[in-house]
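Below is one structure; the comments refer to it alone.
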Protein chains: 2
Amino acid sequence: MGTLETISEQRLHGGLQGFYRHHSQACAGAMRFAVYQPPQAARRRCPVLYFLAGLTCTEETATIKAGAQRLAAELGLVLVMPDTSPRGTGIAGATGDWEFGEGAGFYLDATGAPWSTHFRMASYVVDELPALIGAHFPVDTALSGICGHSMGGHGALTLALKNPGRYRSVSAFAPIVAPSQVPWGRKAFPRYLGDDQAAWADHDACELVRRQSFDGTILIDQGEADGFLEAQLKPELFDQACAEAGQPLLLRRHAGYDHSYWFIASFIDDHLRHHAAALGLL
Amino acid sequence: MGTLETISEQRLHGGLQGFYRHHSQACAGAMRFAVYQPPQAARRRCPVLYFLAGLTCTEETATIKAGAQRLAAELGLVLVMPDTSPRGTGIAGATGDWEFGEGAGFYLDATGAPWSTHFRMASYVVDELPALIGAHFPVDTALSGICGHSMGGHGALTLALKNPGRYRSVSAFAPIVAPSQVPWGRKAFPRYLGDDQAAWADHDACELVRRQSFDGTILIDQGEADGFLEAQLKPELFDQACAEAGQPLLLRRHAGYDHSYWFIASFIDDHLRHHAAALGLL
């Protein structure tokens, strides 16, 4: 498990916003994450929502910009926001490209050298981080939900679909739903996973949902003024895949909203309530 | 009046979050500010709340970190968040010190050379910016409130006290209430205003409130874990000055909260409601 280093802890909405660092076995290096503990966590173990951020982001981005803590404090929901990749890996080519490498881990376990040593965000988010959270924070690890934005939406959907029973609820903002078919995925997957596209399907929500449905309705919000909508996001592909697979999906399209955290902040409360209902808080 | 350049406009909580730039006569250079227009502003002129940020901040800080737009959208309140000083003045010594110069304008009109050419934030915030806002945005300029944090709390209190009738409501988070008596003010005021401390009193809330009370209750929130509390903020001095002057003051002290925007985000809704009530929205 290892030790946990507290970077900072500050009072927020009657609870505690903290930033932490630890040595990750999965990622073979130091990792940072943020945890918001609502006031209720001072008295009992609370359900937990993991929020996965998108390309270029860190553990600070959604923590500062999503505005999720206010309602989390009312509901009694712990929020965990990890970084988007390992950092300081020293691998040639791991920095300097916002679409690949550090800041762009795609929430998968890389299988190709040299990435497979550090870029194991799936094992980190699904196994190592929750064990650490359960050991150090007042959470009920049996009551977990997962949410994400863009690349983090891809992470939330694929990790929830690949790990039945691990998450009680899943939602996403403007997720990458078909990475095998869009430029972001077709750039990152060959380097992380190799050229065999059969391996990519294990990390593609549109493919995964045809194999294994999620037990509950998936909530997705998408802005119609999102500059990445047509080339990278293509929510209609997931809509179709869910329809064919019999997967309940609530896909909401919002006129005028773009890909930014202003969009997330506008609808984060709906997502928190979606998770809170599945986690027994409503 | 001059022209207004739109830097960005993005949908947020059914309204519009914008960033703008213009040439300021008062500050003799380009100035930036942020405006949030709630959904109601698409149909009618709305009351407006000015939020003044603290040392080191820009027009982006409170816009991104305070979380004020959610409730402003419900209430129908326009939010205007200016920068904290002129920028790019080229004056020797205007940059490189977080407590003085750029990012530290103290919301006054400097009288001493070389600062008096550009550092005229009082005229900017009280006169020039509201005229610009009234001309370009759907606001009812007769219905204005003012709020601020730390140095911006000093700005809100002093500008409201110095300009009777201009603001219907005033509030502050962790304000500098007695700059003449604390290190931040005693460092900045001699350079902006000269060595005659009689001139400083015109920019010191504790002095001003003894001359001219504000028509309404002043709301102040202060965190008790604020690292600047004892040396720089000293809210007890303003509490005493208000008591002696018969000025209604609601000073709330909050255990465990520090000087950060996490503190502001925790209580911003109370401030919005304070202003909304005075502005006829509640």
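These residue numbers are counts, starting from 1, taken along the chain as shown.
Positions of Cβ are set from backbone N, Cα and C atoms, glycine also.
Per TrEMBL, active site, charge relay system is recorded for B:SER150, B:ASP226, B:HIS259.
On the structure: features taken from TrEMBL.
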residue: B:SER150; record: active site, charge relay system; DSSP (3 states): coil
residue: B:ASP226; record: active site, charge relay system; DSSP (3 states): coil
residue: B:HIS259; record: active site, charge relay system; DSSP (3 states): coil
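For B:HIS259 (active site, charge relay system), the number of other Cβ atoms no farther than 10 Å from its own Cβ, over all displayed protein chains, is 22. Rounded to a whole value, the Cα-Cα separation of B:ASP226 (active site, charge relay system) and B:SER150 (active site, charge relay system) is 11 Å. Within the same chain, the residues at least 6 positions away from B:SER150 (active site, charge relay system) whose Cβ sits under 8 Å from its Cβ are B:GLY54, B:LEU55, B:PHE173, B:ALA174, B:PRO175, B:ILE176, B:PHE228, B:LEU233, B:HIS259, listed in sequence order.
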